């Protein structure tokens with residue numbers, strides 16, 4: 001599943017290439033992906049201009065005209081690509097925005113991705129309802145004190161809690177494993193057992209890993225690419241997908257276990273319970 005760095009990379013590519021484009025038409029071969037109704041979306045957005053592309057956590061937000069926002073979630077394997085108007089349709093192409101000189105195509109092998117059309121004034125309530133946590137930056141949004149308070153009030157295991165998106169936005173399986181390795185925290189550690197120095201290191205590790213991944217264009221693992229461009233973060237991963245290899249920090253063998261049903265990679269020496 002694309003995580004925050006991959007979605008941000010897609011956002012930046014879309015921003016460079018489609019902002020300012022007028023939507024001539026919208027087509028769907030699998031209209032059920034539009035949760036708010038394809039016909040309404042087609043009616044409201046045809047003829048409108050894409051004014052910007054923003055992001056909240058793993059969600060892309062197409063800013064179209066003044067009145068509407070199109071919320072896109074890539075889920076497991078969704079991806080966008082740009083093509084010429086005469087490009088042949090491919091097997092897993094499901095949604096298309098056509099412009100005067102090209103088209104933006106959304107393809108999804110598993111059909112899990114979604115589009116939702118909401119009014120501009122409903123964007124904030126939309127994400128408040130989903131309880132998406134703060135963005136992982138050093139500004140006031142990702143407040144370390146509030147982060148610490150939430151961890152200390154919970155008996156949840158740290159990995160599944162980070163995956164919930166309520167503590168901080170955008171973390172998925174790959175980067176949670178990387179963050180916990182960097183912070184030297186066992187993925188099954190109960191959050192109320194974390195000492196203050198560990199929480200501080202965890203807070204900063206989340207920011208460091210995700211910002212580094214954004215800088216490197218995300219991790220191109222399995223099917224991910226950002227409009228055809230591959231990322232480089234996969235070359236920097238320390239534990240994810242490294243089962244049986246030596247930890248770069250201590251030399252111990254990286255292990256893989258299941259935590260809350262998710263494959264989890266960690267160093268048994270650096271990340272002790």
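Backbone N, Cα and C define each Cβ position, glycine as well.
What you are looking at is a predicted structure, and each value in this text was computed from that prediction instead of being measured.
Between the stretches 20-38, 39-57, 58-76, 77-95, Swiss-Prot puts its region 'DNA-binding' entry on 58-76.
Record note: among 151-161, 162-172, 173-183, 162-172 is the stretch given as region 'DNA-binding' by Swiss-Prot. Residue 3 (active site, proton donor) is 15 Å away from residue 262 (active site, proton donor) when you measure Cα to Cα. The recorded positions examined here are 58, 92, 110; by Cβ neighbour count within 10 Å, the least packed of them is 110. A coil conformation is recorded for residue 58 (active site, proton donor) in the three-state DSSP classification, outside any helix or strand. By the criterion of other Cβ atoms within 10 Å of the residue's own Cβ, the least surrounded of the active-site residues 2, 3, 262 is 262. In this structure, residue 110 (DNA binding site) belongs to neither helix nor strand by DSSP; it is coil.
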